[in-house]
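Peer 1: Not my notes, these are from TrEMBL:
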TRANSMEM  12-34  transmembrane segment
TRANSMEM  54-79  transmembrane segment
TRANSMEM  91-112  transmembrane segment
TRANSMEM  132-161  transmembrane segment
TRANSMEM  191-216  transmembrane segment
TRANSMEM  228-253  transmembrane segment
TRANSMEM  265-281  transmembrane segment
Amino acid sequence: MTFDYIVQQLINGISIGSIYALIALGYTMVYGIIKLINFAHGDVFFVGAYTGYFAAKAGLGLILSLVLAMVVCGVLGVIIERLAYKPLRNAARIVILITAIGVSFLLENLGITFLGPQAQGFPEIVKKTDFTLFGGVVIDSIQIIVLVVTVILMAVLQYIVHRTKIGKAMRAVSYDMEAARLMGINVDSTISATFAIGSALAGAAGVVFAVMYPSVDPLMGIIPGLKAFIAAVLGGIGIIPGALVGGLLLGVVETGVQSIPGMSLWRDGVAFGILILILIFKPTGLFGKNVREKV
């Protein structure tokens, strides 16, 4: 195993890990605000991929397809929050969790009903060009786009969270919802905005994933959604930088396992194994802190 080979696998891992990170940001933002694991988030990802698919078929380029997918998924996220989760704001956590799973099944079955169960080839909106960095290490144009999109969206998210009024409201609601309400913050609008932003990021991830692996189908969000959840838990769910680091680490580990002869079929198994180990030894994740809860 040469140095060039290791660097090549690292690049491949960071590319897919960037997509996991974008999806994981939605999980971690929603959990940070209302302590909800939104298991319908992976299906918002597939809606984003299909929005990009139809936009590409209509002749729109990558940027317009990304923007359209983010808008559609942002609106979808707000609709899901208002119809499915807002009425259960004070319900038991298990009730909300079951509702999230139900919303996931609903979106998947609506997709199969109206879009068909068969996979569709994603139009080529980015020409794949290989660039040799050194030795035998190659990075292609699609991997570069994935990395650039991830960095830009992460920077925009950090700006929103730390520099804008809605971002300050999000942090206040995350810290203490009732205190934020008493201070005049519109908690319902803040939660909806959180769902919109997280879902928009999932929509962008859906488009770049479909560009990298040019095929879309209504069930395509299941495995990436679950792996993004693992990435969020790995980094510390509820912590935004943790979602990014968790996604990148998971992508690198997966690619590393896949590159070992005879181990490619263990790729998904290793990801879920990481989840089990994290929950056993460090349930708060890499960036999380143990907090004692008063009873």
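Cβ atoms are placed via backbone N, Cα and C, with glycine included.
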Peer 1: Out of 91-112, 132-161, 191-216, 228-253, 265-281, what stretch is closest in contact terms to the transmembrane segment (54-79), meaning most Cβ pairs under 8 angstroms?
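Peer 2: It is 191-216, which has the most Cβ pairs under 8 Å.
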Peer 1: Taking the transmembrane segment (191-216) as reference, which of 12-34, 91-112, 132-161, 228-253, 265-281 has the most Cβ pairs under 8 angstroms?
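Peer 2: Out of the listed stretches, 12-34 contacts the transmembrane segment (191-216) most.
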Peer 1: Answer yes if the transmembrane segment (132-161) and the transmembrane segment (265-281) have at least three CB pairs under 8 Å among residue pairs 6 or more apart in sequence, and no otherwise.
Peer 2: no
Peer 1: State the residues, same chain only, that lie 6 or more residues beyond the ends of the transmembrane segment (228-253) and have a CB under 8 A from a CB inside it; answer 'none' if no residue qualifies.
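Peer 2: The answer is 9-10, 13-29, 31-32, 37, 39, 41-42, 45, 154, 157-158, 161, 174, 270-272, 274-275, 278-279, 284-288.
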Peer 1: Taking residues 6+ outside the transmembrane segment (91-112), which of them lie with a CB under 8 Å of any CB in it?
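Peer 2: Residues packing against the transmembrane segment (91-112) from afar: 35-40, 42-44, 46-47, 50, 80, 84-85, 218-219, 221-222.
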